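Here Swiss-Prot flags Asp68 as active site. Summarising the annotation, Swiss-Prot assigns active site, proton acceptor to Glu133. According to Swiss-Prot, the Zn(2+) 1 binding site annotation covers His66, Asp99, Glu162. The annotation Zn(2+) 2 binding site is assigned in Swiss-Prot to Asp99, Glu134, His348.
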Amino acid sequence: MSATLELAKRLIACASITPRDAGCQGLLAQRLLALGFQGEQMNFGEVDNIWLRRGQKPPLFVFAGHTDVVPPGPPDKWLTDPFTPEVRNGLLYGRGAADMKGSLAAMVTACEHFINVHSDHAGSIAFLLTSDEEGPAINGTIKVVETLQARGEKIDYCLVGEPTSQKQVGDMIKNGRRGSLGGRLIVRGIQGHVAYPHLADNPIHSLAPALAVLCAQTWDQGNKDFPPTTFQISNIQGGTGATNVIPGEVEILFNFRYSTEVTHQQLQQQMEEILSQQRLNYELEWTLSGKPFLTAPGSLMTAVSQAVRGITGIDAEFSTTGGTSDGRFIAPTGAQVVELGPVNATIHKVNECVAVADLEILSRIYSRILEILLTE
């Protein structure tokens, strides 16, 4: 069994459902401390965070990742126990195999190989690990970054191990992410009997024209780096459950995934104008989960693409599609940030898995990136 596979299995065996770490960071720290890293716990609330650094000279290269996982769902739907890692037909099964314990294992073994060969490498290497990525993400990476900034610790390069690959490892790399703006809209009417609509005011009927406008709205055209901004309704709740009662209010939850062509303030203003035009009695709450970020072509993107090409022969595609990541907290510091990890076809699904061979490829890619940036 390879060192990467062994470590990945040990991590998967830790039932670290967010915000629990369940011992993952301890396993990783043990391996990294043996390489000369210095560890520092930065726990906030019920969230475990750790910052491990080797060296004090610039440039500082950071591996960033999360040890928490989403709930596995019904265990009886899995081929294997979600927290008993098992290899079947060349695939490692278990919750977190692809998102992102496989990446974490590959990062550590990449460092072990790199430092064994280049013990006197240039610059510094660090790990930023949190158990609060799959949850609210308020006591995790963002708090560690704030602590580092307060004491003047500057990150130059950051590689986040999110599962970015589509069909084979390295075919897609994220060099940015869209912003995420969520909201909760409550429209109030007057409850009543469905047989007497003139004595009531149905908020669902009142809201329907506004929803049609919102769903058909073109918010922007996107640009060469980002697709157009999208608006999606995720939940609608209204009524008592009875078929003969007009509801007194309706609630919707929605989300914008937005490009750099528009700000979250502009989206808020546009939506409020649409709602006001319909003369609705409404209440609106906003939640900004993250602003869009983009890493421009530079030394990190060059190193990552060269490493992928050298190990796999693939010319990787850079993209900003997909969900948010903790890169949104690191990029505003001025760091170059990219994301590269395993194939994402099974993440957050029953029977999450990763190809065993891909773990070794990923470890080699990570090690090669370090060589390009810290020795050449």
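Glycine too: its Cβ is placed from the backbone N, Cα and C atoms.
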Binding-site residues clustered about the residue listed as 'active site, proton acceptor' [Cα within 10 Å; pool: Asp99, Glu162, His348]: none
Glu134 (Zn(2+) 2 binding site) versus Glu162 (Zn(2+) 1 binding site) - Cα distance in angstrom: 12
Under 8 Å by Cβ from His66 (Zn(2+) 1 binding site), counting only residues of that chain that are 6 or more apart: Met100, Leu129, Thr130, Ser131, Asp132, Glu133, Glu134, Gly140, Thr141, Asp326
Secondary structure of the residue listed as 'active site' (DSSP, helix/strand/coil): coil
Cα distance (Å, whole number) from His348 (Zn(2+) 2 binding site) to Asp99 (Zn(2+) 1 binding site): 8
Same chain, 6+ residues apart, C-beta under 8 Å of the C-beta of the residue listed as 'active site', given in sequence order: Ser16, Ile17, Thr18, Pro19, Arg20, Asp21, Thr130, Ser131, Asp132, Glu133, Glu134, Gly135
Residue among recorded positions Glu133, Glu134, Glu162, His348 with least C-beta crowding, 10 angstrom cut-off: His348
Cβ-centroid neighbours of Zn(2+) 2 site Asp99, Glu134, His348, 8 Å, sequence order: Val69, Val70, Gly96, Met100, Ile347
Three-class DSSP secondary structure - Asp99 (Zn(2+) 1 binding site): helix
Protein Cβ atoms within 10 Å of Asp99 (Zn(2+) 1 binding site), excluding its own: 27
